[in-house]
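Worksheet: the structure to be examined is printed underneath.
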Amino acid sequence: MAEAPKAKPAAGRAGTKKELPDHFKAYKHVWVAIECEHGAVHPVSFELLCEGRKLADKRGVELAGVVMGGSEDAIAEAVAQTFEYGADVVYTVVDPVLTHYRNEPYTKAMTDLVNTYQPEILLLGATNLGRDLAGSVATTLLTGLTADCTELAIDDEGSLAATRPTFGGSLLCTIFTLNYRPQMATVRPRVMSMPERQEGKRGKVISHPLGMGEDDVVTKVLQFVADRETDKAQLPYADIVVAGGLGLRSAENFQLVKNLAAVLGAEYGGSRPLVQKGWISADRQIGQTGKTIRPKLYIAAGISGAIQHRVGVEGADLIVAINTDANAPIMDFANLAIIADAVQVLPALTEAFRKHLSVNRMAG
Amino acid sequence: MHIVVCVKQVPDSAQIRVHPVTNTIMRQGVPTIINPYDLFALEEALRLRDKFGGEVTVLTMGPPMAEDSLRKAMTFGADRAVLLTDRFFAGSDTLATSFALAEALKKIGTDFGEPSIVFTGKQTIDGDTAQVGPGIAKRLKLNQLTYVAKISDLDPDRETITVERRAEGGIQVLETRLPVLVTMLEGSNEIRRGSLEDALRAAKADVVKWSAADAGIEDLTKCGLRGSPTIVKKIFSPDPRSEKAHPIDTTDLSMDDIAQALMDELFQRQPELEGEFLRFAATQFGQEVGHG
Amino acid sequence: MSDEHFDAIVVGAGPSGNAAAYTMAKEGLKVLQLERGEYPGSKNVQGAILYASALEQIIPDFREDAPLERHVIEQRMWTMDDASHVGMHYRSNDFNEEKPNRYTIIRAQFDKWFSRKVRDAGATLLCETTVTELLRDSSGKVIGVRTDRNAGKVFADVVILAEGVNGLVGQRSGLRSEVAPDTVALAVKEMHFLPREVIESRFNLKGDEGVVIEAMGTITKGMTGTGFLYTNEESISVGIGCIVSDFAENETTPYGLLEAFKNHPSIKPLLAGSECKEYASHLIPEGGYNAIPRLVGDGWIVVGDAGQFVNAVHREGSNLAMTTGRIAGETVVWLNRRRDEMTKANLTEYTRRLEQTFVMKDMKKYRKIPDFLHGNKHVFTLYPKLFTNAAQSWFRVDGVDKRSKEKQIMSSFRKSRSILGLLGDAFKLARAWR
Ligand SMILES: Cc1cc2nc3c(=O)[nH]c(=O)nc-3n(C[C@H](O)[C@H](O)[C@H](O)COP(=O)(O)OP(=O)(O)OC[C@H]3O[C@@H](n4cnc5c(N)ncnc54)[C@H](O)[C@@H]3O)c2cc1C
Ligand SMILES: Cc1cc2nc3c(=O)[nH]c(=O)nc-3n(C[C@H](O)[C@H](O)[C@H](O)COP(=O)(O)OP(=O)(O)OC[C@H]3O[C@@H](n4cnc5c(N)ncnc54)[C@H](O)[C@@H]3O)c2cc1C
Ligand SMILES: Nc1ncnc2c1ncn2[C@@H]1O[C@H](COP(=O)(O)O)[C@@H](O)[C@H]1O
């Protein structure tokens with residue numbers, strides 16, 4: 001039901017007119033939640049700083065980062081980076097309770113900050129952490145939240161226009177929160193570009209207490225099992241991705257995809273049916289219900305390019321389709337195509353790259 | 001133990017079309033399905049019921065035809081279905097949806113027993129926001145466990161639950177107290193095929209239907225369009241890429257030549273790829289190539 | 001296993017199964033309907049023609065809420081060669097009557113609507129439940145079915161097989177033989193979406209008026225078959241079908257044929273700018289009267305496509321399906337009221353009643369057509385070319401006098417096929433038609 005009227009341009013909606021209540025008029029500045037669980041800042045936070053900078057400049061306001069963590073030491077690097085990637089101000093909440101991400105204390109920290117310092121725009125990464133936190137914060141503040149955005153802009157009246165895919169990416173919609181503050185949005189990783197780093201840039205740090213003790217938190221972290229870098233697919237951040245689909249016909253043939261990926265130093269992945277068939281693990285699924293990737297080069301072998309797959313790969317700089325069917329939907333968004341049997345093309349391609357390498361090695 | 005699973009009826013996104021002229025959604029003939037993520041939640045709920053006893057109630061807010069999805073959920077083995085349907089709910093965004101569902105959950109608690117666990121899917125495939133679950137949790141002050149890959153332990157007596165939650169860069173093992181709201185991660189299980197008995201029961205069952213008033217919702221300004229702070233101003237199709245893929249000529253060429261042609265084309269279009277590739281290769285295959 | 005006992009089990013929720021289940025449920029019988037698809041019509045996504053009268057006899061006021069696309073006001077019959085067509089168009093404002101006779105429909109929606117009616121009448125429908133075989137007692141009488149669900153047996157007095165053309169349950173249970181490849185056509189269809197305004201201007205329609213094009217000729221590359229195009233409200237159904245055994249001999253793919261048909265210069269402009277979203281293929285029983293299997297036995301009845309009830313010449317199928325389903329339902333109700341056993345002898349009442357309807361009369365009338373068409377490839381190869389060439393030569397104004405043109409045309413007919421052959425074909429066709 002929620003989607004029904006969204007299908008039409010929202011006509012006659014009471015809230016379409018901008019009537020910002022007085023108590024919201026003081027809300028100012030653009031905030032970005034900096035995600036730095038376990039030390040390192042999630043790249044999406046930098047992408048958001050880049051986007052937030054543009055919004056803040058358009059509004060003529062400041063850009064602030066929000067850094068939360070367990071100790072000053074743990075967040076020092078994140079704070080520095082937040083400035084270097086563009087923030088004018090950084091709000092910090094530091095408390096041992098915040099060592100691991102948990103919904104309760106993080107929601108409290110963020111809502112207290114918002115209520116105290118009153119930003120007009122609050123951006124978070126559409127990661128598991130960001131989406132867990134954003135939903136709770138928005139519900140607590142009773143404000144609007146546009147999830148999983150792919151484009152942000154300021155409209156002529158100064159409101160945040162947040163554009164996001166809907167219906168599995170077949171459509172896009174632009175959403176506003178006119179009469180409530182802050183205007184909240186989560187943004188998909190790898191959609192916005194990275195800002196230039198301004199080495200050594202610093203600014204004002206404002207710290208705020210958490211006001212909650214460990215005893216107040218019901219949920220306990222018993223353990224954190226970090227993914228081992230080696231066996232974990234790093235698809236979203238890979239520069240080259242090689243993927244296979246049902247056109248490969250068998251699990252054995254999928255090895256050809258892995259072989260090419262190995263030579264190229266690429267990550268490998270596949271379409272959803274391969275996960276369902278058990279040829280690849282679920283974390284290697286690319287698409288709407290899998291990973292969104294933005295590599296420089298994406299090679300799709302035996303993948304038809306269904307809309308759910310398409311939305312996950314469209315951000316790639318260069319897409320190569322290897323498919324026997326010249327009319328497969330993937331041809332509508334690939335840049336280059338080989339109309340031939342992937343089972344024959346893949347080994348030949350692997351060999352071509354290998355050769356290229358040895359020739360250049362010899363020459364060098 | 002009473003478990004409630006929130007399920008949503010969604011259009012099968014694979015079959016959504018956009019009117020080429022008016023740019024609106026053409027729903028004609030688009031089949032609806034249970035949001036695929038919600039099935040992981042439902043199966044988890046059914047497993048817990050089978051193990052600990054009790055009942056599973058499925059809840060949806062949607063148009064009258066959403067009854068089909070509830071019935072379908074019952075063919076998998078759910079014991080009871082509640083449909084929250086009212087024109088006042090039309091146009092709900094996530095905030096208004098979580099309000100209505102939270103109110104219905106209170107009423108379910110009163111009428112059929114307080115739930116120990118409320119499940120939702122990770123997200124829907126039409127709204128795609130993953131916000132409704134957390135919204136419900138906040139409103140009902142339930143402990144919130146999102147992106148749960150596995151329920152590793154549940155102790156109804158101590159009222160504790162331990163789960164593995166997918167976090168960025170790893171798995172968090174979390175313990176908290178019931179009642180909780182859990183959003184289930186995809187791939188955590190596979191929905192069962194109900195027996196003939198379940199299917200027959202589902203076909204005949206009475207679905208509980210509540211209007212806003214039935215669910216005890218007094219403040220209608222929190223529902224539907226009026227209760228939704230977000231406003232959808234524009235819906236449009238993504239720009240189609242103007243040209244089709246450029247096919248590499250394959251006529252009368254050997255596979256090796258075709259591969260060579262593609263590689264050349266790639267390096268020509270993305271020159272920096274070649275440099276990066278060689279640098280990568282130098283670190284990885286130095287030995288091997290040296291021998292070759 | 002379910003302890004529940006039903007008066008009747010209906011296998012399949014297509015037009016025939018729905019008609020049977022509706023008829024019985026409406027009269028208060030306890031009916032269980034089993035459908036393997038996700039929902040009724042899920043295996044039948046495409047557009048089709050609905051003949052009103054058969055449905056009217058089951059649900060007289062169906063026009064009030066059935067999902068009808070357009071009522072047909074114009075029929076085009078085309079004979080095509082590779083670049084042209086000669087055709088007959090019949091368009092009449094009489095078809096804009098209060099209760100039109102033919103509609104285009106989209107099966108997925110129509111079947112869903114019909115199924116809703118069936119359930120409202122009181123039948124129990126289980127989807128995603130495939131019947132795997134019939135259950136019999138020691139005397140061989142059918143007493144229920146086994147499904148693919150856990151503990152999946154269920155029992156009833158009578159089982160109505162409305163399972164469609166493949167008839168797998170009947171076959172597996174030894175009631176009938178396998179469908180022969182030369183008695184079924186394989187049809188492929190696509191749905192092309194276009195704004196309704198475009199459809200209306202392109203086909204010269206207003207409101208809910210619709211057009212049907214039926215075509216034969218070289219488009220089937222010498223195989224027995226036809227192509228078609230129907231206008232729906234906001235889409236066009238286009239398809240082509242040929243006898244299965246012909247495909248095997250010709251090594252052509254149905255999809256290739258459809259591509260060629262869509263690209264034919266007479267068809268292409270009608271589809272220009274559309275977006276194809278659905279593709280499906282389905283079998284049509286075209287063996288006619290001679291291919292009808294046994295229709296009743298102890299505890300079972302066959303209806304619809306499963307009984308080969310299709311009139312290939314007039315492209316009628318769903319109306320025969322609904323009529324056979326209705327009559328089977330009425331027969332069961334009648335026996336049930338009389339507390340008669342569902343034995344073969346008693347159920348034969350169904351075939352007796354069928355004989356009185358258009359169904360059996362038409363099936364008999366056209367019984368020789370399948371053989372004629374199959375044995376006479378000229379209909380699909382030579383004649384279309386002759387007709388189109390003749391038309392072209394007749395209509396081209398090029399300084400050749402009309403008498404010479406007539407001669408030219410006649411001699412081209414003669415050269416291609418002897419007068420005797422031509423006459424023979426015409427005669428055979430007439431006889432088959434009779
Ligand atoms: C709710 C929902 C969510 C979904 N989420 C995702 C998702 O996240 N990711 C995803 O990928 N899918 C997803 N899907 C599934 C999606 O709709 C498609 O079904 C799927 O992407 C198709 O996978 P495929 O391209 O491998 O297979 P197919 O569509 O079967 O395509 C196979 C292709 O291989 C080609 N081919 C055949 N033989 C050869 C050969 N020898 N050499 C080269 N090519 C050959 C064929 O021409 C064809 O184009 C989702 C579906 C739904 C309903
Ligand atoms: C391309 C094409 C175009 C046509 N156009 C027209 C037209 O314009 N007008 C017209 O009148 N007719 C047309 N027909 C014919 C018409 O579609 C059929 O005659 C009609 O659908 C037959 O109805 P039915 O109920 O017997 O079978 P079906 O419609 O085939 O229904 C059988 C049902 O049984 C289910 N089923 C099968 N086996 C099992 C099992 N073991 N367990 C449970 N369920 C099972 C199937 O899923 C299906 O839903 C066309 C046919 C085709 C293929
Ligand atoms: N209208 C609804 N009725 C019932 N459950 C819903 C509804 N909308 C969302 N949900 C639940 O909330 C989850 C997240 O939805 P969303 O925030 O839309 O991505 C879904 O997986 C469902 O379990």
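The backbone N, Cα and C atoms fix where each Cβ goes, glycine too.
TrEMBL annotations: computationally assigned, not manually curated.
TrEMBL annotations:
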{"type": "BINDING", "residues": "A:271-272, A:285-289, A:302-309, A:N323", "note": "FAD binding site"}
{"type": "DOMAIN", "residues": "A:30-221", "note": "domain 'Electron transfer flavoprotein alpha/beta-subunit N-terminal'"}
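Here the features listed in TrEMBL are painted onto the structure.
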{"residue": "A:S271", "record": "FAD binding site", "Cβ neighbours (10 Å)": "28"}
{"residue": "A:Q285", "record": "FAD binding site", "Cβ neighbours (10 Å)": "26"}
{"residue": "A:G287", "record": "FAD binding site", "Cβ neighbours (10 Å)": "25"}
{"residue": "A:T289", "record": "FAD binding site", "Cβ neighbours (10 Å)": "22"}
{"residue": "A:I303", "record": "FAD binding site", "Cβ neighbours (10 Å)": "31"}
{"residue": "A:G305", "record": "FAD binding site", "Cβ neighbours (10 Å)": "22"}
{"residue": "A:I307", "record": "FAD binding site", "Cβ neighbours (10 Å)": "18"}
{"residue": "A:H309", "record": "FAD binding site", "Cβ neighbours (10 Å)": "27"}
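With an 8 Å limit on C-beta distances, the binding-site residues from A:S271, A:G287, A:T289, A:I303, A:G305, A:I307 that reach chain B are A:T289, A:I307.
Under 6 Å, Cβ to nearest atom of ligand 1: this is the test, and of the binding-site residues A:S271, A:T289, A:I303, A:I307, A:H309 it is passed by A:S271, A:T289, A:I303, A:H309. DSSP assigns A:H309 (FAD binding site) to a helix.
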